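These features come from Swiss-Prot:
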type: BINDING; residues: 96, 97, 98, 99, 100, 101, 102, 103; note: ATP binding site
């Protein structure tokens, strides 16, 4: 067996071309119209009916199979244990770099899954709400590492997911403002026993250090039943980030309340240079050191090309 064949032999993923993946939709119905699809698209991301039909409907079909199998396993284990336990929410993690389109993917999945029959309750939260407040990050000298694992209140995020998975009612999650670039004081989203919870964030597949004393060290992905990593080559991600920064300079940055209001008067050349500096100082380092190494932990990998369209899909073998 040559080196290439050996690598393929031990590859834990089955890789599909776009057309191969699209064929797996079969008769899954399209439940979103053009207007709804438009509202799900993030700034400077690309999403159209064709992308939903060829990429997300097969995902919806696959997830319906996984959720159904998990429900059967739940009832079988309940019979085995001889106890009556509250049914646990199915949790899906969505990971990937800044500017890759995580929010769009998470919202499309939420919209499609909520239209299954019978209509499940599908909630969505982002881990941005579990970032430490800016004041704390500034005191700790971590503002330049915002989005890195150390910038999150990990105990609070783990406690939130533990409460969700145990079936607690009305669990609160902090709310983050992208306008002020900070946690909104005394504002919370309430998650109340959803059937499915989607958790979106750059580092949700992050692993922890192995304990030397044998004690369990929980990580966020311990609570996931399924996970999606959205992938793209670094030069493509860099270009998307610059384009998004320029678009925000012309829109949201003009709001005096914006944390980035100081960038609104910049010329195209100045704004591009600023975006490149931020990308290289923060986002590229986070991608290389923390985000990309977690890609092999995902159940499903969506690989995007320069046009924001998914070119291939990798599904972890069972």
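Using the three backbone atoms N, Cα and C, a Cβ is placed for every residue, glycine included.
What you are looking at is a predicted structure, and each value in this text was computed from that prediction instead of being measured.
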Residue 103 (ATP binding site), number of other Cβ atoms within 10 Å: 18
Residues that sit under 8 angstroms from residue 97 (ATP binding site) by C-beta distance, when 6+ apart in the chain: 202, 230, 232, 237, 283, 286, 287, 291, 292
Under 8 Å by Cβ from residue 98 (ATP binding site), same chain, sequence gap 6 or more: 147, 202, 237, 241, 283, 286, 287
Conformational class of residue 96 (ATP binding site) under the three-state DSSP mapping: strand
Cβ-Cβ neighbours of residue 96 (ATP binding site) (radius 10 Å): 29
Other same-chain residues whose Cβ falls within 8 Å of the Cβ centroid of 96, 97, 98, 99, 100, 101, 102, 103, the recorded ATP site, in sequence order: 202, 230, 237
All-chain count of other Cβ atoms within 10 Å of residue 102 (ATP binding site): 23
Neighbour count (Cβ, 10 Å) for residue 101 (ATP binding site): 24
Three-state secondary structure, residue 102 (ATP binding site) (per DSSP): helix
